[in-house]
Amino acid sequence: MLELRYRGSCPGPGEAVSPPPREGEAAGGDHETESTSDKETDIDDRYGDLDSRTDSDIPEIPASSDRTPEILKKALSGLSSRWKNWWIRGILTLTMISLFFLIIYMGSFMLMLLVLGIQVKCFHEIITIGYRVYHSYDLPWFRTLSWYFLLCVNYFFYGETVADYFATFVQREEQLQFLIRYHRFISFALYLAGFCMFVLSLVKKHYRLQFYMFAWTHVTLLITVTQSHLVIQNLFEGMIWFLVPISSVICNDITAYLFGFFFGRTPLIKLSPKKTWEGFIGGFFSTVVFGFIAAYVLSKYQYFVCPVEYRSDVNSFVTECEPSELFQLQTYSLPPFLKAVLRQERVSLYPFQIHSIALSTFASLIGPFGGFFASGFKRAFKIKDFANTIPGHGGIMDRFDCQYLMATFVHVYITSFIRGPNPSKVLQQLLVLQPEQQLNIYKTLKTHLIEKGILQPTLKV
């Protein structure tokens with residue numbers, strides 16, 4: 001907690017702290033009583049002094065404790081700190097990758113739960129930093145309102161997902177129909193309640209700090225909740241749109257670290273002094289090659305390429321379909337310079353492999369800027385990591401700072417170059433129309449399909 005001091009000389013031991021004379025009062029005036037309004041003014045002045053602090057006055061956040069398992073500490077006790085950190089990071093990385101493979105095997109629903117869990121943990125880590133930095137101000141209802149807004153925003157986004165992808169299931173449940181029909185109004189009402197709670201919690205001379213934290217909460221929601229929603233949207237397009245981008249970022253992170261560790265000599269950016277050009281360039285080429293190979297392997301299996309759909313008859317998610325042209329082998333003519341290198345004129349590729357080059361290029365060239373942004377954030381608040389959740393790695397946010405930027409790019413890429421209108425959403429809108437409107441649309445669609453030659457005209461007797 002910060003110690004509040006008035007300007008002027010400090011009191012000696014046992015001396016009472018008396019407020020400085022107010023304007024219009026003698027310096028040595030004798031006041032036996034102090035009105036309530038004077039006390040409130042004195043408190044407001046204290047808040048005003050706190051509110052006007054500069055960034056250099058922000059207290060340092062205590063360093064996170066070391067959570068490395070004792071068995072690892074003993075096994076690596078003879079190594080230098082540099083190699084000890086290398087082994088800890090390596091062992092934990094392999095452990096996390098193994099768990100990730102297990103969750104992939106368990107299916108799409110478990111992946112969605114994983115994304116939700118990561119989102120909540122990242123939100124918690126960023127909000128905790130804000131709470132620690134401004135803890136001395138005792139902001140009313142700050143943490144409670146932050147978590148309330150998290151629930152509101154999640155209710156809105158996940159409700160939109162249910163409406164888009166579970167239309168057939170929703171139609172069978174009358175209660176869900178009401179929630180989906182008025183979903184946006186309910187979401188707005190919930191947010192409005194939180195907004196009013198925030199306004200009612202405002203304290204005089206304390207306003208600016210409270211608005212700082214209000215903005216802190218909303219920026220955190222923008223970074224975590226909206227981006228995790230986009231990750232799930234990508235997942236519904238097919239698990240491959242989820243796995244290739246995420247694994248490309250992981251590959252870039254690992255290979256850039258390895259190239260930088262063994263060959264790094266030239267600093268890359270001041271925000272991250274340990275990042276080097278050698279690691280950045282090595283990570284780029286490694287990631288592009290990895291993404292191209294991973295796309296080839298995953299494109300062979302329906303489990304990865306089919307859109308994730310909910311089947312009400314079996315009450316579960318299914319990934320069965322006739323793969324689209326993106327995931328069917330095509331023959332391409334090679335450019336002249338590649339013909340000379342590969343000594344062949346044509347090559348068979350999955351079209352998705354070409355898209356994977358764009359995804360992995362972004363992951364290795366632009367994705368790291370998400371990490372640089374996070375580094376700048378941590379330097380601003382004098383912390384090494386967001387948390388100490390994973391030994392050798394820091395917090396969950398330290399591992400997923402680049403993933404959020406990647407998720408946005410993949411979503412924009414799909415909507416711009418891949419995906420057309422959403423059939424589930426069109427169906428949901430049709431089902432809420434009046435019977436006469438539905439019949440009119442049916443007749444129009446039937447006539448259109450007959451003209452296209454897709455349907456045969458009905459013979460009249």
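Yeah, the Cβs are placed from backbone N, Cα and C, and that goes for glycine too.
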The annotated transmembrane segment range in TrEMBL, which must be one of 115-137, 276-298: 276-298
Of the residue ranges 86-106, 212-232, which one carries the transmembrane segment annotation in TrEMBL? 212-232
Paired segments the transmembrane segment (141-158) and the transmembrane segment (352-374) in contact, 3+ CB pairs under 8 A: no
Within the same chain, the residues 6 or more beyond the ends of the transmembrane segment (178-200) and with Cβ under 8 Å of it are 141, 145, 148-149, 151-153, 155-156, 159-160, 162-163, 170, 210, 214, 428, 432
